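Per TrEMBL, the feature active site, proton acceptor maps to Glu91. Look at TrEMBL and you will find Cys336 tagged as active site, S-methylcysteine intermediate. The [4Fe-4S] cluster binding site annotation in TrEMBL covers Cys111, Cys115, Cys118. What TrEMBL records for Gly163, Glu164, Ser195, Ser217, Leu218, His219, Asn293 is S-adenosyl-L-methionine binding site. Summarising the annotation, TrEMBL assigns domain 'Radical SAM core' to 97-331.
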Amino acid sequence: MKRLAFDLEEKEWMDWLLQRGEKPFRSKQIREWLFQKDENDPLLFTNLHLPLREALKADFDFDLPVVDARLESKDGSEKFLLLSKDNQLFEMVIMPSDHRITLCVSSQVGCRMGCTFCQTGKLGFKRNLTRGEILSQIILANRRLKEKGLERKVTNVVFMGMGEPLDNYEEVVAACKTLIAKDAFHLSKSKVTISTSGLVPEIERLGKDLPVRLAISLHQTNDEKRSEIMPINRRYPLPVLKEALLNYPAPDRLGITFEYVMIKGVNDSLLDAKRLVHFLHGIKAKVNLIPMNRFPGSSMTTAEEEAVEQFQRYLSERSIPAPVRYSRAQDVSGACGQLAAKKQNELDMDPRVLAKERRIEDKFAKTTFGQKKSLE
Ligand code: SAH
Ligand code: SF4
């Protein structure tokens with residue numbers, strides 16, 4: 001199989017060019033075509049001579065993942081289900097707002113961390129995405145923005161789609177390097193956020209290699225209880241995690257963001273809020289309170305509105321910014337990983353069972369949206 005062109009580093013392009021007796025500076029030109037000019041047909045790289053263009057086409061694969069489904073949400077975001085060459089499904093979400101366009105990318109197909117409240121975790125682990133597959137998501141998003149007639153490109157990238165980015169360290173860091181490279185996407189380090197469930201050695205490594213912004217999926221500040229919902233906590237318990245966070249060189253002194261999914265009766269009490277404030281002591285922190293997205297088959301459910309408000313008030317009164325963030329694109333797919341899981345289920349299903357399920361779903365949709373009054 002040919003290598004994916006988006007997977008090559010600048011140095012690798014240079015080696016390939018040198019082997020062919022070409023000038024190494026052409027690597028910059030190739031990267032500009034791929035990452036800035038949105039051209040993935042090498043025959044159209046017009047500042048290269050024709051034999052070189054033909055050699056590129058012969059030696060590398062320039063295909064982007066296929067968009068298997070695209071769902072538009074009422075809140076303006078769009079969720080995409082992407083299909084790789086080897087038929088793996090992963091998701092990305094474009095989230096526009098007034099001043100920025102944030103793209104939420106996946107780093108793996110599935111995830112091996114097994115958090116009990118997460119649909120991606122329930123999918124299990126299929127494989128890591130390559131750096132090129134991660135970067136393809138930004139290319140596809142920019143292409144979509146152009147198709148919609150917008151002059152804007154993706155300004156911020158968050159690794160909050162499927163997968164645990166620090167469990168795919170090499171590929172994720174290589175992709176981040178291309179995100180900030182001048183001859184590629186040229187984003188600032190403070191516009192790239194890696195969200196992690198808390199892989200301590202990799203957090204320390206990242207601080208040395210490429211300190212982008214960090215978001216920690218915390219969700220619980222009692223060690224025993226955190227281990228119940230996030231098995232990774234058994235390996236890296238809270239005091240060890242806190243030590244790593246105190247030492248993390250966040251860009252522009254922006255501090256660290258904490259994600260706190262609010263689950264009814266699990267982590268939403270006043271006592272939980274008090275423990276959280278204690279845990280955050282000494283860290284420049286912002287907390288995103290995310291009412292849990294329910295998904296089929298999960299016994300856990302969203303915290304009550306009053307509980308979320310009480311929790312938020314407690315943090316705000318102690319000068320910890322704690323906005324309540326409803327997950328974007330909720331109406332089109334609910335929790336992260338849900339779209340991929342649904343499609344995966346369908347792929348695994350007997351076609352006759354699938355057809356029946358779809359008929360039931362269709363009737364359900366028609367009745368819930370009031371287009372038809374009764375089930376025929
Ligand atoms: N694996 C990384 C990044 C992907 S998950 C991590 O865990 O940080 C992105 C975010 O979605 C995380 O904060 C995760 O805790 C959150 N999440 C997972 N399941 C959710 C659910 N059912 N409802 C709301 N947020 C959820
Ligand atoms: Fe993996 Fe993050 Fe989901 Fe946990 S919350 S299972 S780390 S994707």
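Here the Cβ of each residue, glycine as well, is placed from N, Cα and C on the backbone.
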- The rounded CA-CA distance in Å from Gly163 (S-adenosyl-L-methionine binding site) to Glu91 (active site, proton acceptor) is 10
- Query: How long is the line from the C-alpha of Cys118 ([4Fe-4S] cluster binding site) to the C-alpha of the residue listed as 'active site, proton acceptor', rounded to the nearest angstrom?
  - Reply: 14
- Going through the recorded positions Glu91, Glu164, Ser195, Leu218, His219, Asn293 in sequence order, which have a CB under 6 Å from an atom of ligand 2? Glu164
- Task: Under 6 Å from ligand 1 by C-beta, which of these binding-site residues make it: Glu164, Ser217, Leu218? Sequence order, please.
- Result: Glu164, Ser217
- Query: If you count Cβ atoms within 10 Å of the Cβ of Cys115 ([4Fe-4S] cluster binding site), leaving out that atom itself, what do you get?
  - Reply: 20
- Message: Just to verify a number: CA distance, Leu218 (S-adenosyl-L-methionine binding site) to Cys115 ([4Fe-4S] cluster binding site), in angstrom, no decimals.
- Response: 11
- Item | For the domain 'Radical SAM core' (97-331), mean pLDDT (0 to 100) | 95
- Cβ atoms near Glu91 (active site, proton acceptor) (within 10 Å, other residues, all chains): 28
- Query: According to DSSP, which of helix, strand or coil covers Glu91 (active site, proton acceptor)?
  - Reply: strand
- Pairwise CA distance, Cys111 ([4Fe-4S] cluster binding site) versus Glu91 (active site, proton acceptor), rounded so that it is a whole Å: 13
- Message: Please give me the CB contact count at 10 A for Glu164 (S-adenosyl-L-methionine binding site), counting all chains in the structure.
- Response: 28
- State the count of C-beta atoms found within 10 angstroms of the C-beta of Cys118 ([4Fe-4S] cluster binding site), not counting that atom itself. 26
- Message: Roughly how many Å lie between the Cα atoms of Ser217 (S-adenosyl-L-methionine binding site) and Glu91 (active site, proton acceptor), rounded to a whole value?
- Response: 19
